[in-house]
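J.: First the structure, then my questions, so here it is.
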Amino acid sequence: MTSSYRQQLQAKIDRITTQFSEFTPPTLEVFESPEQHFRMRAEFRIWHTENDMFYAMFERNGDGKQKTVVRIDEFPIADKSINDLMPLLLAELKANSLLSQRLFEVDFLATLSGEMLVTLIYHRKLNQEWEQAAKALAEKLNIKIMGRSRGQKIVIGDDFVVEEFELLNRSFKYKQIESSFTQPNAQVCKKMLQWACDAAEGSKKHLLELYCGNGNFTLPLSLKFERVLATELAKSSVYAAQWNIEQNQIDNIQVARLSAEEFTQAYQGEREFRRLQEADIDIQSYDFGTVFVDPPRAGIDDETLKLLQGFERIIYISCNPDTLYENLKTLTQTHRVTKFALFDQFPYTHHVESGVLLEKI
């Protein structure tokens, strides 16, 4: 482990340990990231000069008001497959004006399974000639390509990749859609999945999951419970979760297209939802003992926190220590922290991913 990586990780450990000390958690479990090639996503501007074009990012000056263009020829934090593809793709784009004209951004979405989706974003309308050139490029480089411009989306192959993780003595396949959120650090994501499954060990009754996304945690957690009800509001994520459940041949998960707030209303009988009836979901048929939550950065709303306090076990994955801290002030009135983890999902940044298991007092 290099000193620069160790220093940034230790700073996060110190910060989290101090911030959460009032909840008297057990010893912090720390899950490190690879030091390089850990990001499965990368986005670059394309900078055009009179006789050249290159990948670029912007560096803000001290006052934050001005930005300097930084040429990017390699990107060590991105997956090796992205780094290998970058010069090959750029050479092909430069050689074909149909593909390079008014191109202003290139996004990469890679997987451990070997699939790659490249999104080319333009400041011009894309025509049939562009589509033919993009098809030839996709075939030559063995990648999927998507072209975007204002009000236009052209898909060459698929607008998604399929990731595959080995976990709990089996393989899990995940559809990851170009425009939807996925965990960017696949190696740390696998560690998070394993930790969540370990936290669920010995759980009884059924599992409720809020904010399930594409079913990232839902699939492996389903092996630990007799029945699982997962909720998610975004339609594209719900469709991806349902595809993932079917592809992985798992038969004990139902997905409800509800927000956390809406689920609380439905569970407490305050409101009926046609979406539940259409999906043939009877919330009252579940006997929940554990709830799993992986909320957005804003954390969990007050009504949902009250709902969580009724569960025997709460497994909470957080991408924002500050909102986790605020939420724990409420949850530790009824529960105690019995597992505490830090996942270095975003090395070399101030961002921290953490996990807690809370059990009823």
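Using N, Cα and C of the backbone, Cβ positions are placed for all residues, glycine too.
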J.: Given Swiss-Prot annotates TYR211, ASN216, GLU232, ASP294 as S-adenosyl-L-methionine-binding, which of GLN183, GLN265, GLN333, GLN345 belongs to that site as well?
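T.: Same S-adenosyl-L-methionine site in Swiss-Prot: GLN183.
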J.: Which whole-number value in Å describes the distance between the Cα atoms of GLU353 (active site, proton acceptor) and CYS319 (active site, nucleophile)?
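T.: That comes out at 5 Å between the alpha carbons.
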J.: Just to be sure I understand the packing, how many Cβ atoms besides its own are within 10 Å of the Cβ of GLU353 (active site, proton acceptor)?
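T.: Excluding its own Cβ, the number within 10 Å is 23.
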J.: Rank the binding-site residues GLN183, ASN216 by the number of other Cβ atoms within 10 Å of each Cβ and report the first-ranked residue.
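T.: Within the set of binding-site residues, the most crowded position is ASN216.
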J.: According to DSSP, which kind of secondary structure is GLU353 (active site, proton acceptor) found in, if we only use helix, strand and coil?
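T.: Its secondary structure by DSSP: strand.
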